[in-house]
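A.B. asks: A single structure is presented below for examination.
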Amino acid sequence: MDFQKSMLFTIVWLMGMTGVVSLYWLALPIPKETQLSVTTIKLLALIQPTLLLTLAVFIGGNLAPKVGLSAPLTEAISQSDSWLLAIKPQILPGIVGGTVSGIALFFISTWWKTFLPADFLAKGEALSENTPLLTRILYGGVTEEILLRWGLMTLLVWVLWRLLQRGQGVPSVSCFVMAIASSALLFALGHLPLAFILSTEITSSLLAYIIIGNGFFGLVAGYLYWQYGLESAAIAHILVHIVMAVSDRLSS
């Protein structure tokens with residue numbers, strides 16, 4: 001691995017680790033009879049996301065250049081180029097995508113509440129109150145984008161490119177569209193286990209809410225990553241959490 005690639009790997013990994021470390025301050029439901037200390041349990045809980053992050057960083061660092069995907073800001077820093085020139089084209093699309101998505105998701109959530117199980121709403125609200133906004137920003141906005149876009153979506157584009165085009169030329173638009181849709185769907189499905197924990201009643205409305213709400217933003221973030229770069233998707237994801245937090249506060 002050359003120096004610039006090592007630098008890129010390190011920078012992206014450190015960015016992602018800020019979100020992983022922020023999970024330490026989550027209020028985990030720890031059984032009273034456990035023999036391990038709370039600190040030990042919380043540290044052990046960080047192992048899995050750290051391993052997944054490392055894998056995603058490795059995949060993105062090696063495959064993104066092959067399929068025309070990029071993280072312009074971190075690449076510029078790793079190459080000692082102008083970070084301002086790298087981030088500038090990503091800012092406005094990220095702001096627009098994040099703001100519009102955040103407002104849309106807030107209204108979707110508000111309208112859908114009447115169709116959701118009561119215990120899901122109560123436990124979901126409690127979980128939201130116990131999750132620091134900083135954790136939502138760092139893990140949701142940064143780490144999840146590295147996992148889902150830099151890692152998963154990049155891998156899907158590369159696999160589709162190899163299967164459909166035998167690795168010839170540049171990936172077609174179809175490769176990117178299918179990868180964006182697939183990664184968005186997997187992102188949405190990844191939220192179902194938590195929904196099953198929060199609710200004893202699994203309804204079609206609950207399933208649709210989880211899949212549509214999370215899948216919608218997955219499409220937006222995937223498009224931003226494809227057209228503008230990883231940081232644009234991260235900016236949008238960060239803003240989604242900020243907009244929804246502010247909207248919830250204003251409506252309460």
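Cβ atoms here come from the backbone N, Cα and C positions, even for glycine.
All annotation found in TrEMBL is predicted automatically rather than curated by experts.
Below are the features I grabbed from TrEMBL:
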type     : residues : note
DOMAIN   : 133-242  : domain 'CAAX prenyl protease 2/Lysostaphin resistance protein A-like'
TRANSMEM : 6-28     : transmembrane segment
TRANSMEM : 40-60    : transmembrane segment
TRANSMEM : 91-112   : transmembrane segment
TRANSMEM : 146-164  : transmembrane segment
TRANSMEM : 176-199  : transmembrane segment
TRANSMEM : 206-226  : transmembrane segment
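Describe the structural context of each listed feature in the structure shown, including burial, neighbouring residues and relevant distances.
C.D. replies: Residues 38, 41-43, 45-46, 49-50, 53-54, 56-58, 60-61, 71, 74-75, 77-79, 130-132, 134-135, 138-144, 146-147, 150 of the same chain lie 6 or more positions beyond the ends of the transmembrane segment (6-28) yet place their CB under 8 Å from a CB of it.
Among residues of the same chain six or more beyond the transmembrane segment (40-60), those with a C-beta under 8 A of the stretch's C-beta atoms are 9, 12-13, 16-17, 20-21, 23-24, 26, 28, 30, 34, 69, 71, 143, 146-147, 150-152, 154-155, 230.
Within its own chain, the transmembrane segment (91-112) has Cβ neighbours under 8 Å at 205, 209, 212-213, 216-217, 220-221, 223-224, 227-228, 231-244, 247-248, 251, counting only residues six or more beyond its boundaries.
Cβ atoms under 8 Å from those of the transmembrane segment (146-164) belong to residues 12, 15-16, 52-53, 55-57, 59-60, 63-64, 66-67, 69, 71, 171-172, 174-176, 178-180, 182-183, 186-187, 218, 221-222, 225, 230, 233 of the same chain, restricted to positions at least 6 beyond its ends.
Non-local neighbours of the transmembrane segment (176-199) in the same chain are 117, 119-120, 123-124, 127, 144, 148-149, 152-153, 156-157, 160, 206-207, 210-219, 221-223, 226; each lies 6+ residues outside the stretch with a CB under 8 Å from one of its CB atoms.
Residues of the same chain lying 6 or more positions beyond the ends of the transmembrane segment (206-226) and with a Cβ under 8 Å from any Cβ of it are 69, 90, 93-94, 97, 100-101, 104-105, 108-109, 112, 115-117, 120, 145, 148-150, 153, 176, 179-181, 183-185, 187-192, 195, 199, 232-233, 236-237, 240.
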A.B. asks: Taking helix as H, G and I and strand as E and B in DSSP, count the residues of the domain 'CAAX prenyl protease 2/Lysostaphin resistance protein A-like' (133-242) in helix, strand and coil.
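C.D. replies: Residue counts in helix, strand and coil order: 94 helix, 0 strand, 16 coil.
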